[in-house]
Amino acid sequence: MQSTGAPGLAQSAVLQLSAMGERSRELGGALREPERKRRLLLVVVCVALLLDNMLYMVIVPIIPDYLADLRGERGNSSADLDIQIGVLFASKALLQLLVNPLSGTFIDRVGYDLPLLIGLLVMFLSTCIFAFAENYGTLFAARSLQGLGSAFADTSGIAMIADKFTEEAERSRALGIALAFISFGSLVAPPFGGILYEFAGKRVPFIVLACVCLADGVLLLTVVKPFSDRTRENMPVGTPIHRLMVDPYIAVVAGALTVCNIPLAFLEPTIANWMESTMDASKWQMGLVWLPAFLPHVLGVYITVRLAARYPERQWFYGALGMVIIGASSCTVPACKTFGELVFPLCGICFGIALVDTALLPTLAFLVDVRHVSVYGSVYAIADISYSVAYAMGPVVAGQIVHNLGFVQLNLGMGLVNVLYAPALLLLRPVCQIKPSFSERNVLLEEGPSGLYDSIRLEERALRRKGLSAGAGTEHGLRGRSEEEEESGPESA
């Protein structure tokens, strides 16, 4: 009986191993499907952006109290504490601002996968250091290290979305989803950090974020091969970042991204003290004042994506309208006397920012497509620089303006700058007018693949557009390169 049972057990084990191998091959094949792979990469990028913004904001309710305890031990003054908090908040954006030109060039040369993995690993290390930091110097190092990780993860993530989703409507939709995750991370992090800090201690919020970051990195490794030489061999030569910076259309978009984020960046470090002195706000009110703004932000993203799908030539108008809404809302903030009243202008600011970001981030990729080479690392490094300028100045400059001029003057100035900048987006109108014809032309192209990820897109295009002829009109006058350069970049799906 034992002699006949052993072969049966062995055969059963072989069959089970064979079935497991078959399931693994099926899973690997499913992950290699272009559409599914593209969606998984969108999930990876959105989680990375969520983590970065949660880590940026989760320290808001934790660090002041933690540094106050350290101050009690060392006898530092309250003024020194305010300076330490301001420098700590600004250090991330400052380092991100310095590293972005280098990270953008690096992304253009090696692709999007490896820089995203590097960014996630650095963010994981930064989060772990935050969890176990015991002094201000270590906290400062962790905060600065987060800026280094963000320069790689944020830029490569947004650039990867632009590269994978090349049709204008789906690109706007994918970038809109990413922006919703950014907003959710920024707004939910303070209550998340405050609750866990209150009931579980300082380390727990950071350990949770570190675990999610590690899981996101593992998911990225299952979807792509960041160390593959094939990707780097197929990379077209991108336009240098200094040439993109002097492009007038890209400069207008970068300026708008900076200006529209100034109210949010300047109000975050100043509004709590103003609420306490003006309306005697409680701690929970100061902690939750931004949370209701999440819904208007998501609504703004949704509306802009739907409008961009139907009227892509009006992207400049959506951005200009958003800046006017931001300006008007910023001017009304000082007039609020209660917590309920204050929620409305803050919602207006976030709604306007959603309009501007959702309209202009896809426009940056489109500008690179029609005027340069379709490689997006450097152009989205410029976008990240624009955000970093606002958030680097916020914690340092806003407090000085409030101290010297007053909170009312700060808000009126921010509102006026946004309203005055809005007409500058009229300069984008000629470029936005060609969006429908350019999108149609790219959809009908049938040349062979030559750029990054073009093979995947060619397969998708053959499946979706089978039987269509390649005879659309041309837009040579608006392209800043020859036909060979034009087709070397990623093509539309």
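Using N, Cα and C of the backbone, Cβ positions are placed for all residues, glycine too.
Annotated features, as they stand in Swiss-Prot:
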{"type": "TRANSMEM", "residues": "40-60", "note": "transmembrane segment"}
{"type": "TOPO_DOM", "residues": "61-86", "note": "topological domain 'Lumenal, vesicle'"}
{"type": "TRANSMEM", "residues": "87-107", "note": "transmembrane segment"}
{"type": "TRANSMEM", "residues": "114-134", "note": "transmembrane segment"}
{"type": "TOPO_DOM", "residues": "135-143", "note": "topological domain 'Lumenal, vesicle'"}
{"type": "TRANSMEM", "residues": "144-164", "note": "transmembrane segment"}
{"type": "TRANSMEM", "residues": "175-195", "note": "transmembrane segment"}
{"type": "TOPO_DOM", "residues": "196-203", "note": "topological domain 'Lumenal, vesicle'"}
{"type": "TRANSMEM", "residues": "204-224", "note": "transmembrane segment"}
{"type": "TRANSMEM", "residues": "248-268", "note": "transmembrane segment"}
{"type": "TOPO_DOM", "residues": "269-284", "note": "topological domain 'Lumenal, vesicle'"}
{"type": "TRANSMEM", "residues": "285-305", "note": "transmembrane segment"}
{"type": "TRANSMEM", "residues": "316-336", "note": "transmembrane segment"}
{"type": "TOPO_DOM", "residues": "337-347", "note": "topological domain 'Lumenal, vesicle'"}
{"type": "TRANSMEM", "residues": "348-368", "note": "transmembrane segment"}
{"type": "TRANSMEM", "residues": "379-399", "note": "transmembrane segment"}
{"type": "TOPO_DOM", "residues": "400-406", "note": "topological domain 'Lumenal, vesicle'"}
{"type": "TRANSMEM", "residues": "407-427", "note": "transmembrane segment"}
{"type": "REGION", "residues": "467-493", "note": "region 'Disordered'"}
{"type": "COMPBIAS", "residues": "483-493", "note": "compositional bias 'Acidic residues'"}
Using Cβ atoms only, state whether the transmembrane segment (379-399) and the transmembrane segment (40-60) have three or more pairs under 8 Å that are 6 or more apart in sequence.
no
When DSSP states are grouped into helix, strand and coil, how many residues of the topological domain 'Lumenal, vesicle' (135-143) land in each?
8 helix, 0 strand, 1 coil
Best-contacting stretch, by C-beta pairs under 8 Å, relative to the transmembrane segment (40-60) and drawn from 114-134, 204-224, 285-305, 316-336, 348-368:
204-224
Test of understanding: applying the rule of at least three C-beta pairs under 8 Å (pairs 6 or more apart in sequence), is the transmembrane segment (87-107) touching the transmembrane segment (144-164)?
yes
Counting Cβ pairs under 8 Å to the transmembrane segment (114-134), which of 87-107, 204-224, 285-305, 348-368, 407-427 comes out on top?
204-224
